[in-house]
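Contents: one structure, followed by commentary.
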């Protein structure tokens with residue numbers, strides 16, 4: 001689950017992390033009041049959407065007067081902001097964060113994330129903070145520092161100091177910076193984060209350490225024990241199909257392609273998307289119905305796939321273990337009849353009750369193409385939609 005920048009900063013403030021004073025507004029008529037409230041000669045007007053790259057897309061503006069604060073707020077509110085993370089459709093700006101400006105002496109990048117190679121949390125840092133951090137990571141990986149954190153000990157002072165030394169942070173600010181890192185780590189652990197990113201972390205010209213921007217993602221599996229975090233969820237920023245899928249405990253992620261996929265098991269789902277790409281197609285989604293899905297769950301999964309107007313064909317790839325092939329077949333047939341299937345459908349079934357499942361499909365009178373292998377299915381669906 002993602003949250004907005006202003007929400008992330010409110011959370012970090014509770015953990016003792018220095019952040020700029022700011023006010024969030026939803027109506028341009030509140031812009032002047034917010035500007036007066038932060039009591040700053042320079043204000044930063046920032047579009048609030050669940051995507052990075054706002055600065056390069058014109059979603060962050062520096063205002064030198066209250067008049068400019070109102071002007072920039074009017075320009076941004078209601079605007080569709082397109083960044084490299086939003087896709088071509090972009091995101092509509094429905095909230096603005098107006099916060100105090102500060103004179104920046106130096107920018108850094110600090111983040112906590114899961115290091116899957118080591119199965120531990122990693123502190124990632126760079127002296128090259130700011131809008132171009134992704135280019136730095138791609139072209140100058142030697143500028144990226146990593147500290148692996150022992151979960152039994154947590155982030156230690158010596159690790160924090162080592163990062164500070166490697167970032168060339170002034171000695172007078174090392175204690176403050178280490179304390180900030182430890183507070184970020186505490187938030188990461190206690191709130192079940194999957195990513196906590198500060199970009200940039202800045203040293204101001206009056207020698208303060210401050211988190212100027214913040215991005216936090218949460219592990220959805222931990223939300224049950226963080227109800228305060230769950231309350232921050234903004235459904236307007238989420239894909240409608242993903243919201244619908246979450247109601248039925250389906251793992252669904254929208255993609256940019258035109259071949260809908262329904263698979264059981266995350267590994268098989270990723271392999272299915274890969275093989276579709278291999279044969280020249282583009283998957284429209286990741287969809288894992290799970291190991292013990294009911295007929296109703298399968299039917300709802302099928303409906304969600306078909307609700308995507310980009311979908312020109314569907315590939316169902318099921319290996320029945322706990323999941324029975326006849327249950328999948330019944331769900332597909334019922335959903336196809338209900339929504340009046342009008343796109344090509346390729347089904348590959350293997351495993352428990354496979355013959356019964358195939359019989360159900362054959363007797364359905366639907367235009368279903370069967371496949372013997374995953375590769376066979378991928379080839380057929382790619383050919384059918386061209």
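Placed from the backbone N, Cα and C atoms, the Cβ positions cover glycine too.
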Exercise. Per Swiss-Prot, which one of 258, 264, 367 shares the substrate site with 321, 322, 323?
Worked result: 264
Exercise. Which one is it: of the binding-site residues 264, 321, 322, whose Cα lies the shortest distance from the Cα of residue 46 (ATP binding site)?
Worked result: 264
Exercise. With every protein chain in view, how many other Cβ atoms are within 10 Å of the Cβ of residue 323 (substrate binding site)?
Worked result: 20
Exercise. Among all the protein chains here, how many other CB atoms are within 10 A of the CB of residue 53 (ATP binding site)?
Worked result: 16
Exercise. Of 199, 264, the binding-site residues given in the record, which has the fewest other CB atoms within 10 A of its CB?
Worked result: 199
For this session: Work out the three-state DSSP category of residue 102 (ATP binding site).
Result: coil
